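Participant: As annotated in Swiss-Prot:
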type: TOPO_DOM; residues: 1-96; note: topological domain 'Cytoplasmic'
type: TRANSMEM; residues: 97-117; note: transmembrane segment
type: TRANSMEM; residues: 142-162; note: transmembrane segment
type: TRANSMEM; residues: 201-221; note: transmembrane segment
type: TRANSMEM; residues: 262-282; note: transmembrane segment
type: TRANSMEM; residues: 297-317; note: transmembrane segment
type: TRANSMEM; residues: 340-360; note: transmembrane segment
type: TRANSMEM; residues: 381-401; note: transmembrane segment
type: TRANSMEM; residues: 474-494; note: transmembrane segment
type: TRANSMEM; residues: 506-526; note: transmembrane segment
type: DOMAIN; residues: 607-714; note: domain 'CBS 1'
type: REGION; residues: 654-685; note: region 'Disordered'
type: DOMAIN; residues: 768-815; note: domain 'CBS 2'
Amino acid sequence: MSNNYKAGTAINGNDYLLLNIDGNKDCDTDNGFFSGKNFFGGNQTSITHRRHHKMTTKTDRELMSHFESLDFNAIDNIIHRKYTFEKKKYQKILKTLGKWVICTLIGVVVGLVCYCLKESVDQLQSLKLTQVKKFYSTESTIFIPFLVYLGFNLCYGLISGLLVCIFGPMSSSSGLPEVKGYLNGIRISKAFNLKTVLGKLVSLIFSFSSGLVLGPEGPMFHIGAGIGSSMSQFKSKTLKFHLKSFWIFQNDSDKRDFISCGAAAGIAAAFGAPIGGVLFCLEEGSSFWSRQLTWRTFFSCLIATMTANLFLQGFTQQIHDYGVLTFGVSKSYLYTYTELIPFMIMGIIGGLLGAIFVHVNVRVNHWRKKLFANKSKLYKMIEVCVIVILSSVVCFFPALLADCRPISGISGLTPGTCDPGDDSTLILNQFNCAEGYYNPMATLTLTTLENSLQIVFSRSTNIFTAQTLLTFSIFYYVLTIITSGLYVASGIFIPMMLIGSSWGRLIGIFLSKYFTSIDPSIYALIGAASMMAGSLRMTISLVVIIVELTETTQYLLPVILSVMVGKWCGDIFNESIYEHLIELKHIPYLNSQPPNHLRKKTVAEAMSTDVKTLPEIVKVKTALTILETCPHNGFPVVMLPQLHSNSNLNDSNQLSLSLNLNNNNNNNNNNNNNNNNNNNNNNNNNNNNILCGLILRSQLSVLLRRKIFNSPEDLKNIDFISDKGYNLPIDHTEFSQELASKIPPIHELSKLITKEDLDMYIDLRPYMNFAVVSIKNYSSLSEAYQIFRQVGLRHMVVINVFNNVVGMLTRKDLC
């Protein structure tokens, strides 16, 4: 699509528009594999975003407008300054100590949850495989054992899907886009409540045991984030309790940090990788980071990993590196520098396969979303059953048709690894084979993902044929594509690792025929790293997690090399699967760098001009009317020059006149022409519109609910020049507790206001934010984006050269 098309130009019967950003435009989504391609048709808009053109429909922009931003930016007002000045040293120490205590509790709870997940999955898998083995040994036909295997998988899958239906859609999939969105500054309803966390945990237990090709890492990231949110806020809508005494932590900024700690702890406990958990959250999760957050996150990861290890090993005196998933790989073999070339080639293969996976999976999820739109959840349950049946067939019948191989033909096999008496923990599976033989395909498919990875990473040679590994890789690659996004709790980290290790070992087997010193297990490790880099596009955290999982620091260089090459190769075609899922869910996510097209725009071209301003002293009737008629969550507060020019207004008529002058002009929307910045200065002599602060909707609602009003007689005693004589009927502690509580809707607040109250006034100055971030209307939109993103703003007031309010920038104007 050409970038020269003007807005409104029709191309081939469809209205393709070059986006001219204004206050009504929302974020874009990428529906294509290559830039500029429209895969889905319809009326769409193309804009430049980082590497590619993104496609977004009007419906997408409307859906994104439903999200609200969080208030990460600290509010600087008079009551907060007074609280800070009077705050004792021991109170600061108690708050710091409280944060460390909460981080400890988060780590302990996440570790216990991880232990419950591991043990529950092992028990369910053991029950299933034991019954399959029992019927296989007693029945003359193979279909009875298959029906038992299928029955267990269907039962587990249905329970997992039903739990999502009961606990809500937030319990499905990985939940990582929602966590990333919240940590970026987006309020996502019900993402971290107790009901969602519990539903996702139990759904993950059954989906992970159902034979579906999925992993626990994404759900554990979400579960950990939910635990961090719940334990730090000391309130729950599900359990209907709220401890106001912990108000000091009940703000968006502290909640964000505790969610980061919990999310990182979830990854750390799942993989037994505390450093990897911290780096995963830093690289892939959190948008705001600090040194203090690094310490607390690492501490939470340490506690979570130790707790999980303690329970998994059974309280013995020795500490092992246990996690939900543990692996082993060769430690004696070292690579040669000539092998770096095939390692780079494997990185390219992993990048290509990862990019194809991202593209096809996004297309499948678009189709899935379109197919099930406005339909009963029964259809989603039917899809779960269909995928479970397909996965069961793929896992069972190829194993039935596979050739048996003698155990004696395996070199380097540890004695006792094929114990027929062991059920769910078999490394080599004797399925459909005589004594002394094993089934290579069943070893990969009729077991847990953990056991499959262990045997693929094993240094023992001649375990698998090239045909087995190729068939397994193709089948699981396709199954992962159609399973990711299913209506159950699921992740893709471990499936990608298993697929990559399979074709990596295949390459190692091929090269070992020509070079006797080749160890296929090392190529399995490099293949796993390449595959994950190609689909997830992580770098540092991925390398550290791989090394911590396999305890193979001697292979750090080839792992880094393959990860970097895989990421670079995948980035040529599309972005990571997580970014595409964010776009698919219409989350207005702000990346660290502004889109390229914003460099050519000014703030005036993007700002919303429908701005409602409030005076420093606002009439109750005016404030109530604005809250009832305007959905905005932030209102610029403008100065009353008539008041500031008279230090003592003892004349009540003069005071009323000064107040009414601004209240009567309050509904002026400051409409300006976005294509002509000079028009923004038409009101440069209007002294009634000078910015002096910002008041939030929630703050204004608290003032109305508490009836913190002033009569004209009360206002006469205030010195508007020196700001002395403020009436402060509520302090910072009480005000913060009110903000943390559930604020009733405006129609309920209006019932509390009497006719006499309507003629009263609200002095906003003690409560409004003096440190409001503003920007000139002629500034670059790219600079506005960076300030907005780095500071974590919810609102950015746009002013002209005379400090007059002319517009407002919000998240949706910058996407």
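The chain as shown is numbered from 1 upward.
The backbone N, Cα and C atoms fix where each Cβ goes, and this holds for glycine too.
Note that the structure is a prediction, hence the values are computed from the model and not measured.
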Participant: May I ask which of the stretches 262-282, 340-360, 381-401, 474-494 has the most CB pairs under 8 A with the transmembrane segment (506-526)?
Facilitator: 340-360
Participant: Mind checking how the domain 'CBS 2' (768-815) divides into helix, strand and coil residues in DSSP?
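Facilitator: So the domain 'CBS 2' (768-815) is made up of 15 helix, 15 strand, 18 coil.
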Participant: What same-chain residues lie close to the transmembrane segment (262-282): Cβ under 8 Å, and 6 or more beyond its ends?
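Facilitator: Contacts with the transmembrane segment (262-282): 106-107, 110-111, 113-114, 179, 183, 216-217, 220-229, 231, 289, 294, 297-298, 300-305, 307-309, 321-326, 538, 540-541, 544-545, 548-549.
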Participant: Taking every residue in the topological domain 'Cytoplasmic' (1-96), what is their average pLDDT?
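Facilitator: A mean pLDDT of 58 is what the predicted model shows over the topological domain 'Cytoplasmic' (1-96).
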Participant: Which residues of the chain, 6 or more past the ends of the transmembrane segment (201-221), have a CB below 8 A from one of its CBs?
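Facilitator: Tertiary neighbours of the transmembrane segment (201-221) are 113-114, 116-117, 120-121, 124-125, 128, 149, 152-154, 156-157, 159-161, 163-164, 167, 171-176, 179, 263, 266-267, 269-271, 280, 285, 324-325, 387-388, 391-392, 395, 449, 476, 479-480, 483-484, 486, 488-495, 497.
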Participant: Relative to the transmembrane segment (142-162), which of 97-117, 297-317, 340-360, 381-401, 474-494 accounts for the most Cβ pairs at distances under 8 Å?
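Facilitator: Out of the listed stretches, 381-401 contacts the transmembrane segment (142-162) most.
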Participant: Can the transmembrane segment (474-494) be said to touch the transmembrane segment (340-360) if we require at least 3 CB pairs below 8 Å and skip pairs under 6 apart in sequence?
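Facilitator: Yes, since the transmembrane segment (474-494) and the transmembrane segment (340-360) share at least 3 Cβ pairs closer than 8 Å, they count as touching.
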Participant: Please give the sequence-distant neighbours of the transmembrane segment (340-360): residues at least 6 beyond its ends with Cβ less than 8 Å from one of its Cβ atoms.
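Facilitator: Residues packing against the transmembrane segment (340-360) from afar: 33, 477, 480-481, 496, 499-500, 503-504, 507, 511, 523, 526-527, 529-537, 557-558, 561-577, 580.
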